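Chemist: Annotations for this protein, taken from TrEMBL, read as follows:
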| type | residues | note |
| --- | --- | --- |
| TRANSMEM | 12-35 | transmembrane segment |
| DOMAIN | 27-285 | domain 'G-protein coupled receptors family 1 profile' |
| TRANSMEM | 47-70 | transmembrane segment |
| TRANSMEM | 90-109 | transmembrane segment |
| TRANSMEM | 129-151 | transmembrane segment |
| TRANSMEM | 177-201 | transmembrane segment |
| TRANSMEM | 222-243 | transmembrane segment |
| TRANSMEM | 263-288 | transmembrane segment |
């Protein structure tokens, strides 16, 4: 019976995971293209956080999600072959996930400050400060990931004689299960984003009664809608995997294979949902904001495609003149 759940879990990863991975990489790339192409976005500290988040989301999908797809397809992800890859994949994966969720929280906090009535709080929303915060955030996650390099190693099974990339330190294993997975990249980002996202939404409702430039007001409404919808989606994508992982960790001593098979199947399904959170921001913004859809159309067709056509026409005109 447990093998049935294992097989079903592999099918979920293959048939749901591959589309999520492909759509996520495409969506994150389009996010960066739009955010970096428009001056309005380049001057916004909130969008700066969302841009960095889109960049590290691609790394998260490649290092955190794609190896699970490889295991489901070929029963290997390469970590048992190379010790360097065993350590590096987990190390950089936690850096990317932590940085992404940090940017997600920082974007909601920034948008709350930007829509506050107090001028001194609005002054916190600037690109220079955002760059410093991101640098500090990345350094923290780099230092936090050092135990992954130290304690993960190749372990040879005494029964199957197969090599596996495993954590060899019990204390760090408990810390990773109950602190990192449950709190740092689990419940904490959800609670922080939900709190500041709801307060930013309340502030935006009062913008019509305040003297704010029209362009600034429309940008704040757009970003708040985008961030708030992302918060709502994240609750339904991040929360299930965090909760199921907590149950799986607390019941790991149960020797019932059927029960463990059901738990692992639930972990696999919610794992896909978890990574939907990193793959979905572009599609969330596309649905949340008509202004973003118009900006996407403008960037793709009026800026980049027209530039490509212009570059193709100019050499032909040169040849005709010669």
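Cβ coordinates are placed from backbone N, Cα and C, and glycine is handled just like the others.
Because the structure is a prediction, the values reported are computed rather than measured.
Quick one: how deep are these features, and who are their neighbours?
Modeler: Residues 41-42, 47, 50-51, 54-55, 57-58, 61-62, 65-66, 68-69, 71-73, 268-269, 271-272, 275-276, 278-283, 285, 292, 295-296, 299-300, 304 of the same chain, all 6+ positions outside the transmembrane segment (12-35), place their C-beta atoms under 8 angstroms from a C-beta of that stretch.
Taking the domain 'G-protein coupled receptors family 1 profile' (27-285) as a whole, pLDDT averages 91 in the prediction.
Residues 13-14, 17-18, 20-21, 24-25, 28-29, 31-32, 35-36, 41, 76-79, 89, 92-93, 95-97, 99-100, 103-104, 106-107, 110, 127, 130-131, 134, 223, 226-227, 271, 275, 278-279, 281-282 of the same chain sit 6 or more residues outside the transmembrane segment (47-70) yet have a Cβ under 8 Å from a Cβ within it.
Within the chain, the transmembrane segment (90-109) has long-range Cβ neighbours (under 8 A, six or more residues past its boundaries) at 46, 49-50, 52-53, 56-57, 59-60, 63-64, 130, 133-134, 137-138, 141-142, 144-146, 148-149, 152, 165, 180, 184-185, 189, 192-193, 196-197, 200, 227, 230-231, 234, 278.
Residues of the same chain lying 6 or more positions beyond the ends of the transmembrane segment (177-201) and with a Cβ under 8 Å from any Cβ of it are 94, 97-98, 101-102, 104-105, 108-109, 111-112, 114-115, 224, 227-228, 230-231, 234-235, 238-239, 242, 245-246, 249.
Beyond its flanks by at least six residues, the transmembrane segment (222-243) meets 44, 46-47, 50, 104, 107-108, 111, 114-115, 181-182, 186-187, 189-190, 193-194, 197-198, 200-201, 203-204, 267, 270-271, 273-274, 276-277, 280-281, 284-285, 287-289, 291-292 of its own chain at Cβ-Cβ distances under 8 Å.
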